[in-house]
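See structure below.
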Amino acid sequence: VEDQRARWERKRSRTAKELLETEHRYLEQLDLVLTYFVTILKAKGTLKPAVLETIFGPLESLYSASHVLSLHLEKGNLGPGLENFCQSLDLYGHYAENLEHANKTLKEQVRKNKSFRRFKKLQETRPQFQGRQLEDLLPLPLQRLHQYKHFFRDLLENTSPDTAEYQKLAKTMKSVCEVSHWVQDIFDKRENSLQLLRVQKLLKGQKTQVLTAGRWYIREGWLLVVPAKGEELKRRMFFLFSDILIAAKPCHPLHLLNSSKLSCQAVYPLHQCSVDKVFGHSWSQGGLLSLSFPHKTLLLMSSNQQEINDWYRSLTAAVR
């Protein structure tokens, strides 16, 4: 037991030391942005206060929270440091919510505002920036949030459960995980919106409404459609979403406007669909899927076994 405790203590000390060292580095990087951008821009008035607020969000508050945490860590007061830190964790969620808007506004200002463009370029050439741009530094708080999760988990695993500090660490870990889920959810929704928009632009015309609230993109790929009456196989691009399956074919390569687009052939709602593997259970060459809808049966084929298995899993999950 004594050996185990000594091992825990060594690992714990190592993690606490690494947490403090990385916290100092993180603070230095935030300080670069605050000193060379936020403070000077406020004083010069190069950007309107609302624009400044949009680009940098709650960065100053995040810096203050981390600064207080580092002071506690330096004194070895992990418990009080964590209690204080937990109160400011929501700032990371708000920062993530604002980040896309921040990046858009920054790009816009670089394009339109000549004096800001010159100022930004000048600041980034300073040796302290080591060739990094402002765009590289803005995502730092969210990278740090990810690191906190690992540090606090390691500290928790190497702390005796019957101590008051263990309870505080467990509470902090829970809070960090909740905010991480919140941030991940923001990124997932953003990525999904981009995918829906991309597919909408790929399809010729606006008849097929891909951009719909609550719809999730799952996958896409080329499959062969097996016709009912011995005609030849038709190669189609399929887009699978959480509620529909879209079949499309390439537009004519010589078409002036749509040569790189796809023409929608059919939209299949998934709420009354059943999926079966006709063959493709063994590791043979490829396979065949049968999709049954109320008024139609669709046979889809691929010569790639792995592909058919992946499509089967994705379709079954989407239908379910």
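Just so it is clear, glycine is given a Cβ too, placed from its N, Cα and C backbone atoms.
Per TrEMBL, domain 'DH' is recorded for 11-186.
Annotation comment: TrEMBL describes 216-320 as domain 'PH'. Across the range of the domain 'PH' (216-320), the DSSP-based residue counts are 15 helix, 52 strand, 38 coil.
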Over the domain 'DH' (11-186) the mean pLDDT stands at 94
